[in-house]
Ligand code: NAP
């Protein structure tokens, strides 16, 4: 088994990373940063986002496993004192594979169309104040948005930025994307739906800003300043991220323990 390892870079994550490598070597697992079968992230959900972006070109060929140094996360299902068990399972057990949808984001300028994948979400904001952008759904005009920004999330990203915007939490077995508004302006002149919208796999949305506008395009933890954007097309991607599961990690248990607590 060939594995790649990425840690958050803090002292605890680095120590755990060294511990993992020692345990893995004793079990005959081989480090391989070029063509791994398994990608391990040690840190938090943010570290798994970084691991995804490092290996997104091989997303159809790798499985991910996350170790959390704090509370269990949404992507990281192993805790810091469980590394010996995790290595034992990787060396001896056949995991089952769980796949979560991703978003494909096509950014259209006069010069090119560039595609990206996001695990949590795509976000759009204006550098100078209010964002003004048209939203089309399946090539039909839907609304003209004015406000702080627009966030389009995956089901597994629905517990991240989307949740802070009042979006619904979507189970990652559903192939969908969710569009949520960031502080839209709604008065006699400007009007948007005001609720978040969930689109199925065979639908897409186009966001059309003013090409003169300076924008911030966010893809998970990455932010790109851009101008000259004619359109941004978001849809459920054909590829999915795959997690190797060595024991159950039910989504609704994670939601409950993250947002409600086990005492309730
Ligand atoms: P960060 O600001 O360092 O971390 C943001 C927090 O979001 C961390 O606690 C992280 O968990 C958590 N998180 C990441 N993915 C999640 C998910 N799918 N469900 C629930 N929580 C999640 O930024 P980062 O570590 O680079 O992560 C970027 C993510 O932050 C974005 O993709 C976005 O979802 C989220 N974000 C949220 C807001 C907001 O809620 N207002 C604003 C901007 C960005 P860990 O501590 O386990 O890493």
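Glycine too: its Cβ is placed from the backbone N, Cα and C atoms.
Caution: TrEMBL annotation is automatic and unverified by curators.
Per TrEMBL, NAD(+) is bound by 45, 46, 120, 121, 146, 148, 159, 160, 161, 162, 163, 164; the candidate from 25, 26, 183 named for the same site is 183. For the recorded positions listed here (45, 183), the lowest count of other CB atoms within 10 A around the CB belongs to 183. The binding-site residues near ligand 1, defined by a Cβ under 6 Å from one of its atoms, are 161, chosen from 161, 163, 183. Shown are the binding-site residues 146, 163; the one with the most C-beta atoms within 10 angstroms of its own C-beta is 146.
The most crowded of the binding-site residues listed here (120, 159) is 120, judged by how many other CB atoms sit within 10 Å of its own CB. Taking the C-alpha positions, the distance from residue 163 (NAD(+) binding site) to residue 45 (active site, proton acceptor) comes to 15 Å.
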